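Engineer: Have a look at this one before I ask anything.
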Ligand SMILES: Nc1ncnc2c1ncn2[C@@H]1O[C@H](COP(=O)(O)OP(=O)(O)OP(=O)(O)O)[C@@H](O)[C@H]1O
Ligand SMILES: [Mg+2]
């Protein structure tokens, strides 16, 4: 029996044939991938990610990547002696922090993803929400209401934005000419001011604007875990809200779930949350029936 990279040759052919129905079904589909900063930790994983995304492109899927960069921003803030602060998974962003966020996201991280992809023979182009007026934003207010008897508490998170509008023309232009857009989650306000926007929120709005077939949220855990730490393979909106209220879902998972639900309401067909630390997680999600991770559903 002849063997190719440890896999019998006949199995290589079988694997390709098994993938054929998916390849046929997904050709021409837009897949928005949120690439979490926490999933970009090791070199091998970064190469695997670039290979997976390039494979999608080569078989006729239109991948669009929106990236985060939490840990990388914290590293730079730390070097500068600025302490990061989070409320409900959202980064509090004053002016000096905003400068660092824009430099790290739009510069270092964005270009390293672009370079990794280009290394795989595709043509990736980096954008921030400012390019082509892609992401219009306004200031986000965080409203807390734990005790219904008291007035709600309003928190000013600084230059944290919410998406007011997406102008996807630049993405269509790039995709039409065979490029893969790589988007840094920075938005622009009516006065030209810069906003730091949670990458899950940006990915959700981009997916809606592009009528995406999938919004894949790649993070650093297998998906949404229950109290016992078991993976929930399908999570509906009601249970998700209960889990947030009872603090079984906390931190960065809160916005992720909220924006996943928003994307589904906005017409995105399927929103899986998967572990980017698992090798080839994107391929396993797309090209197997059961997928991996947690699929968020409306009901
Ligand atoms: N019930 C839960 N199941 C799984 N993870 C949870 C849960 N509750 C909270 N979390 C936390 O949510 C985190 C994922 O969100 P986080 O914002 O930290 O990462 P990310 O969104 O992938 O990366 P980035 O914010 O840099 O883009 C997990 O690492 C985990 O600590
Ligand atoms: Mg996050």
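First residue shown is number 1, and so on along the chain.
Backbone N, Cα and C atoms are what each Cβ position is placed from, and that goes for glycine too.
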Engineer: Of 91, 230, 239, which one shares the substrate site with 69, 70, 196 in TrEMBL?
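Structural biologist: Record source TrEMBL; matching candidate: 91.
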Engineer: Between the Cα atoms of residue 69 (substrate binding site) and residue 34 (site 'Transition state stabilizer'), find the distance and write it as a whole number of Å.
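Structural biologist: Rounded to a whole number, the Cα-Cα distance is 11 Å.
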Engineer: 10 Å Cβ neighbour count around residue 70 (substrate binding site)?
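Structural biologist: A 10 Å sphere around the Cβ of residue 70 (substrate binding site) contains 19 other Cβ atoms.
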Engineer: State, in Å as a whole number, the widest CA to CA span among the substrate-binding residues 69, 70, 91, 196 given in the record.
Structural biologist: 11
